[in-house]
Every structure is written in structure tokens, then in C-alpha cells.
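Provided herewith is a single structure, encoded as C-alpha cells, for subsequent inquiry.
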């Protein structure tokens with residue numbers, strides 16, 4: 001054996017042992033975090049419109065009508081419907097504050 005082979009072999013084996021040691025808690029934790037990050041990123045890209053719309057507007061469907069007379073509720077519904085039905089060929093986006 002040459003001197004070069006004898007010096008090279010233990011170094012290479014040492015690196016292989018360090019990298020393939022999956023029982024190290026730090027390696028296991030890093031793997032789990034990496035997999036979770038990948039899954040969350042994929043879900044975010046697939047459902048980003050739904051997720052961010054929920055964060056922006058919350059779970060509310062519209063303004064509360066509690067304590068408002070029925071006649072005013074009906075008038076409000078008609079105004080909203082007429083605003084949406086302005087042009088049948090185009091969608092009108094209405095944001096209420």
C-alpha cells in the first residue's frame with residue numbers, strides 16, 4: 001500500500017460515518033423541519049388565494065345586520081344586487097368597509 005492510500009482511507013470513512021449517522025438528534029430534527037417546511041410551502045403555493053383571503057377578511061361574510069329593521073336589510077340587499085348586476089358580461093368586485 002502506498003502512503004497516500006493509507007492516509008486517504010480513514011479520512012473518507014470518517015466523513016461517511018458522520019454523514020450517515022441518522023441517530024443524531026440534531027440530524028433527525030433538521031430532517032423533520034425540512035420536510036415540514038417543504039409540505040407547508042407546497043400547501044401555501046396551492047392554496048395561497050384562499051389562505052390570504054381568509055386572513056384579510058376573516059371568517060365574516062358581510063356586515064352584521066343585528067338590530068337593523070327588515071326593510072333596511074331588504075333595501076341593502078337590493079342595492080348590492082343591482083351593483084353586481086350592472087353589466088351581465090363583467091364581474092364587479094365590491095369591498096365593504
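In case you wondered, yes, glycine gets a Cβ from its N, Cα and C as well.
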Which stretch, out of 2-22, 23-43, is listed as transmembrane segment by Swiss-Prot?
23-43
So which residues does the transmembrane segment (23-43) touch in its own chain, when a touch means Cβ under 8 Å and the partner is 6 or more beyond its ends?
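The answer is none.
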